[in-house]
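A.B. asks: Please read through the structure below; I'll follow up with questions.
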Amino acid sequence: MAAAAAAGAAPSKPSGAMLLTMPLILLMMPEIIAAGVKTTLPKAKQQMQRQHNNHGSPYDDMMDRSGSTSRESPQGKFATHYHGGNWEAMLTEEQRLLYHLLRNYEKAVRPVRNASHPIVVKLGMTLTNIFDMDEKNQVLTINVWLDQEWKDELLRWDPKEFSNIQALRIPCDLIWLPDIVLYNNADDYTAGYMRSRAMVFYDGTVFWPPPTQLRSTCKISVTYFPFDSQRCSLKFGSWTYHGFQVDITNRSDNVDLTNYVVSGEFDLVHVHQKRRVVKYTCCPEPYPDVTFYIHIRRKTLYYMYNVIFPCLMMSVLTLLVFLLPPDSGEKISLGITVLLAFSVFVLAIAEKMPETSDAMPLIAVYLTIVMGMSSVSVVMTVMVLNFHHRGPFNQPIPPWIRRLVLQRLKRILGMKLTHPLSSQNGSCTRNGSLNSNGVLRRMSSRLQLDDFVISNAVTDPRKDFFMETEQIAIDHPGDSVLRKKARKLNELHTRLIKTLEFLIKRQEVEDHSLKLANEWRQVAQVIDRLLFWIFLVLTIVITAILLLVVPIWHYTRDDSEFDESQYGLH
């Protein structure tokens, strides 16, 4: 070594000793290189063992540490990581296969040998859950696995050369991926799918099923809410490649539902998929797409117990307004209470109603009609109470009301109304006549009048008044005392007759007023009973039509065969 240094310091002719040591130095060179490799090999071996235990690759470790997705050559990365000449021999079979596949791979271009050949992408979907239906924003949210399968001509190998490895899981960022997007996406297009690994098989088949949550626009109709059903479509296609470069087909005949979790709000009626080819005005090439059609139906049990049944019970309370007697004084109070209850109930369930103005939901129509009937019942109750208390004003019943209500409607409704006041007044009149006749009899007996005269006076006092006086004068011409008594009796009798006439007239007026009041009350009772039957029939008919007939008709039409036009696609 010193001789070599001296030779370097001053150039001179090589000596014989140097010529003898040169072969020895050349022979020792491999050992010197091996010693340098041994200093770095344990560290690399430990790192390889750690990565092997984590089922990763040295390339993955470098990508994870650097956070870079740049397309530097995998060969360069491996060569940089393993210092030494025979570093490839230290890799596992999967690492060696990954290096073999990605050595000259470029993910920016389509992986085909012939540029004129298209890549056929088989697209399928595994539906796992119906997450949400936003009626206001017209958005359907579902959780799916979007299955994509294609042939990559640059990712092929012979399993015999790699320990019979037939499949390899590769990070999707390292290989070419088709730019399949959801055309009717309601979310951010840049969100993309989960960056899961892709399964690569030895024949070049690549299967990539990224799980994702899709938010698609959907024309939602709430006309038959809560008995509605919705038809939504999800259109998938390549964003930049036309059909001559990337051809999209169905991976299977039906959507996979083996992992589907039943929704608590919707029933899954039907799922269908169809391949379509569309030509746009901008480009002459065809653009194929695969569209998935989802038909769901809302479950009604929640709305039956929380909306419809309470509404029916309040409708029954509306009917009770017409059965409550007017004399109770609570008809108006009950009607207004039911109306206020409807108002509070509508406000309470407003949050459960779809917030849209495109159509009026069926349940909203029903609530509006029933609430309107409750308002009309209050108005009708006011009218009935007006009829009931109109009698004291001595307003006679119009003839047409008498004929229509007290004769026809009363007979049709089968009502038998009595006149309790008439029998009572008649007995009072008869008792009053007997009392006045008794007074006259007692007065005549005291004067010792003739029975015939007394009886005539009792029978018709006004007619035989002068006859009594004349008879008394003839029978007793000289009795002055009796004449004075007769004169007093005549005066008393005259006052008594006037009093009786006044009482009779007043009784007749009272009887007439009571008769009118009783007739108006009968009119009010008949109208009350008529309104009860009208509202009962209307409640039954409206409930049957809106909550039974219309939903059944909608379900019958909704279960028809698949029609693409019902999904809003053109």
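The backbone N, Cα and C atoms fix where each Cβ goes, glycine too.
Per TrEMBL, the features are:
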- 1-34: signal peptide (SIGNAL)
- 43-78: region 'Disordered' (REGION)
- 46-56: compositional bias 'Polar residues' (COMPBIAS)
- 94-300: domain 'Neurotransmitter-gated ion-channel ligand-binding' (DOMAIN)
- 302-325: transmembrane segment (TRANSMEM)
- 307-546: domain 'Neurotransmitter-gated ion-channel transmembrane' (DOMAIN)
- 332-350: transmembrane segment (TRANSMEM)
- 362-385: transmembrane segment (TRANSMEM)
- 530-553: transmembrane segment (TRANSMEM)
A.B. asks: At an 8 Å Cβ cut-off, counting only pairs 6 or more apart in sequence, do the transmembrane segment (530-553) and the transmembrane segment (302-325) clear the bar of 3 or more pairs?
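C.D. replies: Counting Cβ pairs under 8 Å (6 or more apart in sequence), the transmembrane segment (530-553) reaches the transmembrane segment (302-325), since there are 3 or more.
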A.B. asks: Report, as numbers and ranges, every residue of the chain located at least six residues beyond the transmembrane segment (362-385) whose Cβ falls under 8 Å of a Cβ in that stretch; write 'none' if there are none.
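C.D. replies: Distant Cβ neighbours of the transmembrane segment (362-385) are 223-228, 303, 307-308, 311, 314-315, 318, 321-322, 326, 331-332, 335-336, 338-339, 342-343, 345-346, 349, 353, 524, 527-528, 531, 535, 538-539, 542-543, 546-547, 550-551.
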A.B. asks: Mean pLDDT across the domain 'Neurotransmitter-gated ion-channel ligand-binding' (94-300), rounded to an integer, is what?
C.D. replies: 92
